[in-house]
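The domain 'G-protein coupled receptors family 1 profile' annotation in TrEMBL covers 42-291. What TrEMBL lists as transmembrane segment is 26-49, 61-82, 102-121, 142-159, 201-227, 239-261, 273-293.
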Amino acid sequence: MPKPNSTFVTEFLFEGFSSFGWQHRLIFFIVFLTLYLLTLSGNVIIVTIIHLDRHLRIPMYFFLSMLSVSETCYTVAIIPRMLSGLLNPHQTIDIQSCATQLFFYLTFGINNCFLLTAMGYDRYVAICNPLRYSVIMGKRTCVQLSSASLGIGLGMAIVQVTSVFDLPFCDAFVISHFFCDVRPLLKLACIDTTLNEIVNFIVSVCVLVLPMGLVFISYVLIISTILKIASAEGRKKAFATCASHLTVVIIHYGCASIIYLKPKSQSSLGQDRLISVTYTVITPLLNPVVYSLRNKEVKDALRRAIGRKPISP
């Protein structure tokens, strides 16, 4: 129970990057703003190109456009306030706004995890069952998979936000982070949070270990199928269709797992904050960069959009 003389908190203050001098914060602001604008513009370009170019109206690019939209919403929930905090490190956030930020962060973060799983399934069907690909991965199936990903994100976010904000917060009000996340908030609660930490761990396992396991199984089957292809050129082409997705998956799940699956005894909020910068600022940029630089069809679509013919291999 909270102590009798405790004062209940209605606002939080982000610790963020306040330990740095203003010169360093200004450098961070310029770097993060540049990355943010590149992420936004890259995702907008990808969604626009996929929508306009008939050559990209296939399931793989449908999921890529959904991922780009989700990544955009995800970054909008976190980065603008973080940038504002770099210029003015003593801004407060009321408890309702904090809950809202956590809700959207979790919704779109979890949605991204399951969209990447759906993309892995799409690659599995394309390579392991190509003759039935158009039947299995029809428009209805794609919409159902993307809707299910968002639905899971919404459901898990509601569970997490309810679990955290049912707690009383008293006296301590400085969040050791640059946005409202589950672990830093649990540390501020003035009652025992063991049950909430168990809920957080179960949700983390469901949204990270389960999708990672499904993607891993997909790629075991994909690689075993590719290795059976007789021609070296055929194997190279099949691997190339998976390379972009696999790159994004490894970085996305890798950073998230380090933060959310690490035992509490090994948890350092300072270290988590550093990894979160990668997860929230740099990783979203990888989606448009990787898929535009490593994907020939997207590059050709970009050339067509600006009036240049694709360069023949």
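Cβ atoms here come from the backbone N, Cα and C positions, even for glycine.
Predicted, not measured: the structure shown is a model, and the values here were computed from it.
Highlighted: of the candidate stretches 26-49, 61-82, 201-227, 239-261, 273-293, 61-82 has the greatest count of Cβ pairs under 8 Å to the transmembrane segment (142-159). On the 0 to 100 pLDDT scale, the domain 'G-protein coupled receptors family 1 profile' (42-291) averages 86 in the predicted structure.
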